[in-house]
Amino acid sequence: HCRSLNDVSRLLLFSSVGQLTIPTSATILVSSVLLRMHLDGRSSSGTRRKSKSHRQSIDDHIERASQVIERTDGTGVLLNVARALLARAIFIVHSIATIWQTVKIEGKNSVWGFALISIIILFEGGHTIILRAGDERKWFCPSVLLYIIATAPPIWLLETKMCEWKLTQDSAVVSDEKQVRLQMLEQLMLVVVIIGRWLLPKGDISREQLSQILLAYLAIASDIVEFFDVFKEEIVWRDPTVQNIILATWTLSLLQFPFVLTVSRARKMRVAIIKTYDGMVVEHRHRRPANVIYDVDLWAIILANALQDIPFISVRLFLMFNRGLVTYTMIFFTCKNALIIALQTYRAFVLYHDRYLYPQELPEEIYKRRHSHGGRKKTKLNREDERQQTYTTKHPTIISRKCITEE
């Protein structure tokens, strides 16, 4: 029943506010496609250029209809709710297991107070499910932050207790096998964070961005596990001050996981065949340097350096020059942290230079901005292109002779 583009727009508007059922939303997509086919079929060579903007508008409506169907699909909502509950259940189970082991070893029931933070994860999950249908926020994940706050302090107590066992060398207290199990319970925290973030509904994040986030989390987790291995050194487990410094740095590095700043807003380069014009002037969009505070990529670099690389290299240099812990592994990872800091700083300067000092605009963005009015306002390039094609159609022989002469 969609006889015009306005009818499709009205149906999409009603569907977006929830006044239509799911089958009607599916009908919108079908009607949009049929309208696109109808315009393509009736457009002749003379009117094809005029209907190009209409087809582009219909493509946008089709994309909006697909998003409406995806958001209002009952199966998709139930799946998001199930994934949100499963991820939070994994967080709570591992947190409670870590707290239980800590209480069992320390003998202090006050440690159970951290279990209250795990219960807060349930309320946060209920709030997310009711108000957001299970979808997570784009730039921050509260459930991961609550999980880290509830699990990191018990791991502090476990690691400190194991250092006391190594210092006293009392094998009757605990066996080596039990120490290995406790260490596995500690390192399992990073695996739970990655799996939980994978299970959580992606929300406004695309699948490609989610895969990039998980790969970045995996690289961060490997660095954190390697940094935590310094507890095997005798200099570390004999000095409580060094233990507290390492555990504080380890906890600081865990705060990267709640932030989802690895979602890049950088422009994507695409190869396209475009027409060139003599005397074409590339327009530049001038950005104020003060807008740098809103750049997500720069904030991601700052957080990565502030929460992981700079603290890690500081602790390693402290252990090497103050405590005399000089090993090949320590030297290698110290050089690695220094190189990462240098490369990240260089990338930050490049982004600031290309985006705010001397911003450049890709041809694709110029094309989109010139055709943003749906073809109603024709730019100078569009009028020249149309006159060129009209002249070619009316005088094909002259154009052919001209091309042969130029060749």
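Just so it is clear, glycine is given a Cβ too, placed from its N, Cα and C backbone atoms.
What TrEMBL says about a protein is an automatic prediction, not a curated fact.
Residue ranges 90-108, 109-127 are listed, and TrEMBL annotates 109-127 among them as transmembrane segment. When each of 139-158, 184-200, 212-231, 243-263 is scored by its Cβ pairs under 8 Å to the transmembrane segment (325-346), the top-ranked stretch turns out to be 212-231. Non-local neighbours of the transmembrane segment (139-158) in the same chain are 87-88, 91, 94-95, 98-99, 101-102, 105-106, 111, 114-115, 117-118, 120-121, 124-125, 128, 182, 185-186, 189, 192-193, 196-197, 200, 247, 251, 254-255, 257-261, 263, 296; each lies 6+ residues outside the stretch with a CB under 8 Å from one of its CB atoms.
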